[in-house]
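A.B. asks: Let me begin by handing over the structure; questions about it come next.
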Amino acid sequence: MRNSIDLTKKIKEKAFEEGFDAVGIAKVPGSSRIKLRTASLERWLQAGHQATMEWMKSPRRKDIENMLQGVKSILAVGLNYYVDTERESKDISIARYGWGKDYHKIIEEKLKKVAKFLETERPNAKWKICVDTSAFLDKAWAEEAGIGWIGKHSNVINSEIGSWMFLGHLLSTEVLEADKPSKPICGECEKCIEACPTKAIEEPFIVNSYKCLAYHTLENRDQELPENIINKMGNWIAGCDICQDVCPWNQKHIPSTTEPDLQPSEWILHTTKQDLLSWDDAKWKESLKNSALKRIKPWMWRRNIDSISKKT
């Protein structure tokens with residue numbers, strides 16, 4: 001046990017050294033809440049709330065062993081992406097998660113360094129890195145590891161940095177000492193539910209993608225967006241932060257991220273709607289090459305911008 005305590009301490013220190021803002025550990029198979037979250041996902045899928053995101057149906061999510069055979073521990077990390085600044089132009093809105101460089105690559109590179117450190121301490125250890133593209137219950141395991149709780153808007157909330165937090169996980173065959181799982185403390189607050197213009201949060205923790213502005217601007221591949229979405233878009237052309245903007249845990253002073261690669265791109269802060277309408281595909285591809293927003297194809301950007309101009 002002494003060895004596992006020492007290794008746990010070293011792994012956590014290494015994770016903080018790499019710049020993560022929240023670090024916690026969960027033991028596999030986890031508490032009964034993991035079963036609860038897995039069952040909740042199944043009900044969400046059965047209701048069709050994933051819309052066209054068929055990858056959400058992957059059965060691999062149901063069993064952590066599908067990700068790494070013999071997994072015993074999970075290191076969960078959170079990386080603050082909040083920047084205390086606003087876009088100059090108010091005629092378009094872009095979700096904060098896409099302001100800097102692609103967070104998937106940033107988190108993966110940092111976790112690789114933690115994994116290599118683990119290898120030096122335990123040469124026989126096997127490991128796997130999971131970011132939010134993996135068939136893995138990332139929010140549930142973040143909650144299990146104690147770095148935050150799942151809010152009613154379905155984002156993970158940390159008491160220090162709110163919900164402006166990217167998640168990453170390092171699965172390992174090594175036994176590490178677990179932290180206490182986080183307990184949801186949203187209480188009776190339903191500000192996120194009340195603020196959503198399309199009522200996409202149909203009940204606490206249940207987001208219907210068919211009604212969600214983020215889904216439609218990021219994932220909907222139709223040539224035109226539904227009229228009921230267009231009428232409620234405001235100026236959102238890439239994602240949506242409304243439910244996070246109103247969350248009380250995001251109202252207190254949150255420090256700006258110190259991660260250089262998460263500082264806002266110049267075009268994100270300064271371009272106007274008219275600027276973006278003049279961009280050809282080559283300009284879009286150049287601007288998006290290091291961004292998580294490259295998931296939105298140039299034609300989708302134009303569709304989204306046209307849509308906010310059509311709203312009644």
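Yeah, the Cβs are placed from backbone N, Cα and C, and that goes for glycine too.
These numbers come from a predicted model, not from an experiment.
Heads up, here are the entries from Swiss-Prot:
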- D132: active site, proton donor (ACT_SITE)
- C186, C189, C192, C247: [4Fe-4S] cluster 1 binding site (BINDING)
- C196, C212, C240, C243: [4Fe-4S] cluster 2 binding site (BINDING)
- 174-206: domain '4Fe-4S ferredoxin-type 1' (DOMAIN)
- 226-257: domain '4Fe-4S ferredoxin-type 2' (DOMAIN)
A.B. asks: Around the C-beta of C196 ([4Fe-4S] cluster 2 binding site), how many further C-beta atoms are within 10 angstroms, looking at every protein chain?
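C.D. replies: Taking every protein chain into account, the count is 21.
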A.B. asks: Pick out which of the binding-site residues C186, C189, C240 has the most other Cβ atoms within 10 Å of its own Cβ.
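C.D. replies: Of C186, C189, C240, the one with the most crowded Cβ is C240.
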A.B. asks: Which ones are near C243 ([4Fe-4S] cluster 2 binding site): of the recorded positions D132, C186, C189, C192, which have a Cα within 10 Å?
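C.D. replies: Matched recorded positions: C192, sequence order.
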A.B. asks: C247 ([4Fe-4S] cluster 1 binding site) has how many other Cβ neighbours within 10 Å of its own Cβ?
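C.D. replies: Around C247 ([4Fe-4S] cluster 1 binding site), other Cβ atoms within 10 Å: 23.
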A.B. asks: Spatially, and counting Cα to Cα, which of the recorded positions is closest to C186 ([4Fe-4S] cluster 1 binding site)? Options: D132, C196, C212, C240.
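C.D. replies: Closest by Cα: C196.
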A.B. asks: Can you tell me the CA-to-CA distance separating the residue listed as 'active site, proton donor' and C189 ([4Fe-4S] cluster 1 binding site), as a whole number of Å?
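C.D. replies: Cα-Cα distance, the residue listed as 'active site, proton donor' to C189 ([4Fe-4S] cluster 1 binding site): 27 Å.
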A.B. asks: Give me the mean pLDDT over the domain '4Fe-4S ferredoxin-type 1' (174-206), rounded to a whole number.
C.D. replies: 97
A.B. asks: May I have the list of same-chain residues other than C196, C212, C240, C243 whose Cβ is within 8 Å of the Cβ centroid of the recorded [4Fe-4S] cluster 2 site, in sequence order?
C.D. replies: H153, C192, P197, T198, A200, I201, V207, L213, A214, I242
A.B. asks: Inside 8 A of the center formed by the CB atoms of C186, C189, C192, C247, which other residues of the chain have their CB, for the recorded [4Fe-4S] cluster 1 site?
C.D. replies: G151, K152, H153, I157, E190, K191, I193, V246, P248, W249
A.B. asks: Sort the residues of the domain '4Fe-4S ferredoxin-type 2' (226-257) into helix, strand and coil with DSSP and give the three counts.
C.D. replies: 11 helix, 3 strand, 18 coil
A.B. asks: Across all chains shown, how many C-beta atoms besides its own are within 10 angstroms of the C-beta of C192 ([4Fe-4S] cluster 1 binding site)?
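C.D. replies: Around the Cβ of C192 ([4Fe-4S] cluster 1 binding site), 24 other Cβ atoms lie within 10 Å.
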A.B. asks: Could you state the CA-to-CA distance between C212 ([4Fe-4S] cluster 2 binding site) and C192 ([4Fe-4S] cluster 1 binding site) to the nearest Å?
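C.D. replies: With distance taken Cα to Cα, C192 ([4Fe-4S] cluster 1 binding site) is 13 Å from C212 ([4Fe-4S] cluster 2 binding site).
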A.B. asks: Residue counts in helix (H, G, I), strand (E, B) and coil for the domain '4Fe-4S ferredoxin-type 1' (174-206), per DSSP?
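C.D. replies: The composition, in the requested order, is 5 helix, 4 strand, 24 coil.
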A.B. asks: If you draw a 10 Å sphere around the Cβ of C212 ([4Fe-4S] cluster 2 binding site), how many other Cβ atoms fall inside it, taking every protein chain shown into account?
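C.D. replies: Total other Cβ atoms inside 10 Å, all chains included: 24.
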A.B. asks: What's the CA to CA span in angstrom from C196 ([4Fe-4S] cluster 2 binding site) over to C247 ([4Fe-4S] cluster 1 binding site)?
C.D. replies: 11
